[in-house]
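Right, one structure below, let's go through it.
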Amino acid sequence: MGDTFIRHIELLGYEKRFFPSQHYVYMFLVKWNDLSEKLIYRRFTEIYEFHKALKEMFPIESGDINVESRIIPHLPAPKWFDGQRSTQNRQGTLSEYCSTLLNLPHKISRCLHVVNFFQVRPEDMNPVTDSWIKKPEVFLLPKDAKKTLSDITGPIILQTYRAIADYEKSSTSEMALKAGDMVDVVEKSESGWWFCQLKNKQGWVPAAYLEPMDGPDESEEQEPNYAGEQYLVQKSYRAVEEDELTLQDGDTIEVIHKLLDGWWVVRKDENTGYYPSMYLQKAGEENSPGKSELRNRRAPPRRSSIRNAKSIHKQGRRQISQETYRRNSRRYIQSQRNRRRNFQNKADVIMEKNEEEESKPKAQPAVPPRPSKDLILTRCTESTRRKIL
């Protein structure tokens, strides 16, 4: 057993390939102990053969000797014909299998059999294809946990972006770029690091170095929310540019604009500025090991720091100045204060009216006049009439 081991395996989805014949492969993002992340492809038949060999290596833990001792997860055998429906429906089982596998004792989860199976192969880096046959169709697993696997109704075409400048990678998990490179984006992380693939290469790339093909602006980017969302600073950062904020670990701030490049506009008191989103955590959320490891990375570069950027679009990307953020933020805060003040004034007026009503003397009920003798003799009972005779 070596020092290399797997920290996490994430099932991204599957591909429908057409060479040398139609078949399906699952896409896994494997995260290693050296913080590298590799994209691999495996057929289900390969995964099942791996599973059978693992059971033979650990007969006690697989339940072959005593069923009650089994801790290795179950995996259903492949069907005689695996079509798209079975490939799709099996994703939940595979995700749970990988999660359980890595939580087994280290003698199993870190054995060479497991490590070698999930290592990158040459065909992962350079899939065999044929230029005369159509491109593989990619089906990504929904990230929203509330969605079910049945929500995948058709192929998800990966978005293509263009590199605006050369980028030299600084770690093995990143991917170098040349200006003009066309990359397919597999995953867009809020941190501003996007997982991309370019021909036979995959890796993380700063979103700031990429531009959409149809225009300079990101269609997915949200509008500013001056009400703000409360976040906690998990890692200190000292501002380098004038439009950034210096914050300390433990500070409470409000996020007013989430940008795809990973640099969010935050508000501290009445000051606003850019801050790396990867150093923030939403108030009330628990800190996960994955997020803690992410913060050990450096923040992605900002678009303003890129030299020799060459865009194919005549217009520049729409950008809001910090002065505009501060002005609109102050207006929003003032309007909220005025609203609260007006509400309080109305409440005070109502309370005063209620107090005035309560302080007024209450009117006593009027005593009805005594009925006349004739009226009693006419309308009352015999016993009552006898009393006045």
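Glycine too: its Cβ is placed from the backbone N, Cα and C atoms.
Residues of the compositional bias 'Basic residues' (297-317) grouped by DSSP class, helix first, strand second and coil last, total 3 helix, 0 strand, 18 coil. The feature compositional bias 'Basic residues' is assigned by TrEMBL to 297-317.
Within the model, the domain 'PX' (4-125) shows a mean pLDDT value of 90, rounded to a whole number. Summarising the annotation, TrEMBL assigns domain 'PX' to 4-125.
Sequence annotations record features per position, and here TrEMBL assigns domain 'SH3' to 156-215 (among others). Across the domain 'SH3' (156-215), the DSSP tally of helix, strand and coil residues reads 3 helix, 30 strand, 27 coil.
The domain 'SH3' annotation in TrEMBL covers 226-285 (among others).
Taken from TrEMBL, the feature region 'Disordered' applies to 282-375. Secondary structure of the region 'Disordered' (282-375) per DSSP, as helix, strand and coil residue counts: 50 helix, 1 strand, 43 coil.
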Tally of DSSP helical, extended and coil residues in the domain 'PX' (4-125):
49 helix, 28 strand, 45 coil
